[in-house]
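Asker: Residues or ranges marked as active site, proton donor by TrEMBL: Glu176, Glu420. For Asp309, Glu445, the entry in TrEMBL reads active site. TrEMBL lists Thr531 with the feature Ca(2+) binding site. The disulfide bond annotation in TrEMBL covers Cys373-Cys406. Taken from TrEMBL, the feature transmembrane segment covers 9-29.
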Amino acid sequence: MGLRSHEQLVVCVGVMFLLTVCITAFFFLPSGGADLYFREENSVHVRDVLIREEIRRKEQDELRRKAEEANPIPIPKPEIGASDDAEGRRIFVKQMIKFAWDGYRKYAWGENELRPNSRSGHSSSIFGYGKTGATIIDAIDTLYLVGLKEEYKEARDWIADFDFKTSAKGDLSVFETNIRFTGGLLSAFALTGDKMFLKKAEDVATILLPAFETPSGIPNSLIDAQTGRSKTYSWASGKAILSEYGSIQLEFDYLSNLTGNPVFAQKADKIRDVLTAMEKPEGLYPIYITMDNPPRWGQHLFSMGAMADSWYEYLLKQWIATGKKDDRTKREYEEAIFAMEKRMLFKSEQSNLWYFAKMNGNRMEHSFEHLACFSGGMVVLHAMNEKNKTISDHYMTLGKEIGHTCHESYARSTTGIGPESFQFTSSVEAKTERRQDSYYILRPEVVETWFYLWRATKDEKYRQWAWDHVQNLEEYCKGTAGYSGIRNVYESSPEQDDVQQSFLFAELFKYLYLIFSEDNILPLDQWVFNTEAHPFRIRH
Ligand SMILES: *[C@@H]1O[C@H](CO)[C@@H](O)[C@H](O)[C@H]1NC(C)=O
Ligand SMILES: *[C@@H]1O[C@H](CO)[C@@H](O)[C@H](O)[C@H]1NC(C)=O
């Protein structure tokens, strides 16, 4: 069918118009919250975020290209004096921290995160859309700890001038704001004694308080810092999430203890009381809970990984943080882990690798997430604090086995770095055949578990595994001005995702630095780490 030229013109204009509408729509669609963290449950939303980020990145790349043509920037290379002993390795990690920090400072100062290759700012929906310096607040305790004094001072001065209330825009994740911002500031106070940090921590937590004004006291997931309006995620059908409402207590309790203002501890205690009163199916805690009073469990979905993980971690650590006097917390932790071992712990057929499966009703999904690898460190920390030798030995064994399984997920990939999630089937063990699970975003949980195992056993292999990871980070994750995630750990030249996550500083760098340090740097009988690896002092 032939079209005459003026008809072609009309069609052409029509197509252009539709395209413009589509592109504009992507920019103005509401974001609705949540990070890549909620991969499966939230795929539509994630795709939406990814598309918008893709467009933004293309624009930034274009701007950068133009700037570079005008004024090329030399690629800095840190000096590397890698020696084989722990001290040399510790210094090497410190140099990595400096390199990553310098890139952030130069190209993204005050932004939430850095795009190390585009050399520009980055943010994700968990931070809303304000410029809230997440990297500065997440990194400051690490800068202090490793002795980057000038960098620490500059970060401290930025925080002293920073007002979270006026800077935060849009919907913030209550959970992420608590563990990164409140946690980071509390930790900076605990390490330095500088009261300014405590005041800022209280400011941030105060902004979160309206999210707890719900019928049962279970907090909403998102809060608008300006209006105080809070809500659940649109994709969670009006329910709250275990790992989120269950990972408030360490920060809020510590904050109340340090400030003498009881309101924070009361909010955290209320959540615990609500959960204690609920019937647990076979002793297990489902991921979703309704916002009614009293609340009801949602779908019977159970996991040691995303959306559940730090609930278990905080039960154990709350018991430790309060000087092991809180028997209820200890009992609830033990009962929860015991129930999970009974129903969800498996050993793979070919290589005898131990892992926690996921459970939906009675249906098992034999996959284990990078996030769930934290559980090795958790049970080792329990073992180190447990008087009963039978129980202690049992959890030491479990911790070693999980540390080993997670190492296998690293060792069985092309880059030596483990994927986001891996499966156990008749054809693969500790690997993934799913393209969408093959990425690595600088997550710390595997090194975290090796860190606890190193402290508990002094077996050199844990230091060696950590050092292997350092070298793989250098080879695959190092970008022009910082470190980046990679899109596929099974490729020999993986594409980088161009995001330097704030938790790289708070968690991965800190655990790497500590594993090559003496035990008297943050001894585990005096310090407890929040789920973002911010250390708090144990109250004996
Ligand atoms: C903080 O904790 C310590 C140790 O448990 C306790 O002695 C002190 O009274 C607490 N302070 C407040 C304000 O709760
Ligand atoms: C230690 O725990 C085991 C297993 O729960 C129990 O059978 C044993 O009696 C406990 N031992 C002591 C000394 O309490």
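Note that Cβ sites are derived from N, Cα and C of the backbone, with glycine treated the same way.
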Asker: Starting from the Cα of Glu445 (active site), work out which of the recorded positions (Glu176, Asp309, Cys373, Glu420) are within 10 Å.
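Answerer: Taking Glu176, Asp309, Cys373, Glu420 one by one, the ones whose Cα falls within 10 Å of Glu445 (active site) are Cys373.
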Asker: How many Å separate the Cα atoms of Cys373 (disulfide bond) and Glu176 (active site, proton donor)?
Answerer: 19
Asker: What three-state secondary structure does DSSP assign to Glu420 (active site, proton donor)?
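Answerer: The three-state answer is coil.
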Asker: Return the member of Asp309, Cys406, Glu420, Thr531 nearest to Glu176 (active site, proton donor) in space, with distance defined Cα to Cα and candidates limited to these recorded positions.
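Answerer: Closest recorded candidate to Glu176 (active site, proton donor) by Cα: Thr531.
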Asker: Nearest to Glu420 (active site, proton donor) by Cα distance: which of the recorded positions Asp309, Cys406, Thr531 is it?
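Answerer: Sorting the recorded positions by distance from Glu420 (active site, proton donor), the top entry is Cys406.
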Asker: Pop the Cα-Cα gap between Thr531 (Ca(2+) binding site) and Asp309 (active site) into the table, whole Å please.
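Answerer: Approximately 9 Å lies between the Cα of Asp309 (active site) and that of Thr531 (Ca(2+) binding site).
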Asker: From the Cα of Thr531 (Ca(2+) binding site) across to the Cα of Cys406 (disulfide bond), what is the distance in angstrom?
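Answerer: Taking the Cα atoms only, Cys406 (disulfide bond) lies 18 Å from Thr531 (Ca(2+) binding site).
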Asker: Taking 10 A as the limit, how many CB atoms besides its own sit near the CB of Cys373 (disulfide bond)?
Answerer: 30
Asker: To see if you understand the setup: which same-chain residues, six or more apart in sequence, place their Cβ under 8 Å from that of the residue listed as 'Ca(2+) binding site'?
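Answerer: Listed in sequence order, they are Ile179, Gly183, Ser247, Leu250, Asp309, Ser310, Glu313, Tyr314, Phe374.
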Asker: Give the number of CB atoms, excluding that of Glu420 (active site, proton donor) itself, located within 10 Å of its CB.
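Answerer: Result for Glu420 (active site, proton donor): 22 neighbouring Cβ atoms inside 10 Å.
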